[in-house]
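Copied over from Swiss-Prot:
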BINDING   134, 156  S-adenosyl-L-methionine binding site
């Protein structure tokens, strides 16, 4: 299984944004929509071997974490276009309005869950799955020997990670990179998926 943990410092945590202007009103939730597309969508099929956590820290009610389980998501629930994905995320956020317990997940749709887990909670929960932090100054991905069972990747948004978050991750997960420049999160996910396909990692 492949796991992607995407932390957004700005994406809204309530359905208070306009579908007509997702980038301008949602705290760059469009980045999350494109990342989900890159994680799951193939030309004529859907990746069932992928799990994605989107950890949202934008206003008005952070944190909110949405977990997407590719193996359980029903066909046509998660589509390639940003608008339908933004609507879906809005529906999920509405369903999680009244969640109080920090780590209790609520299944909103088959394979899609919402909780109040923090970024640190999500990392700790998945640390057994061989996590890697994707950063420009990491080890070249081509030099990494990945395990054949489960592997996970931690990615930031347009703002990256706070110093506190980097300190938390230091020594906990190794840093790797796909290249020397700051790439779009969705492009990094697409590259990682293609690279793992090429080297035969499930």
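Each Cβ is built from the backbone N, Cα and C atoms, and glycine gets one as well.
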Reduce the DSSP letter at residue 156 (S-adenosyl-L-methionine binding site) to three states and note it down.
coil
To see if you understand the setup: which same-chain residues, six or more apart in sequence, place their Cβ under 8 Å from that of residue 156 (S-adenosyl-L-methionine binding site)?
6, 7, 9, 185
Count of other CB atoms lying within 10 Å of the CB belonging to residue 134 (S-adenosyl-L-methionine binding site):
21
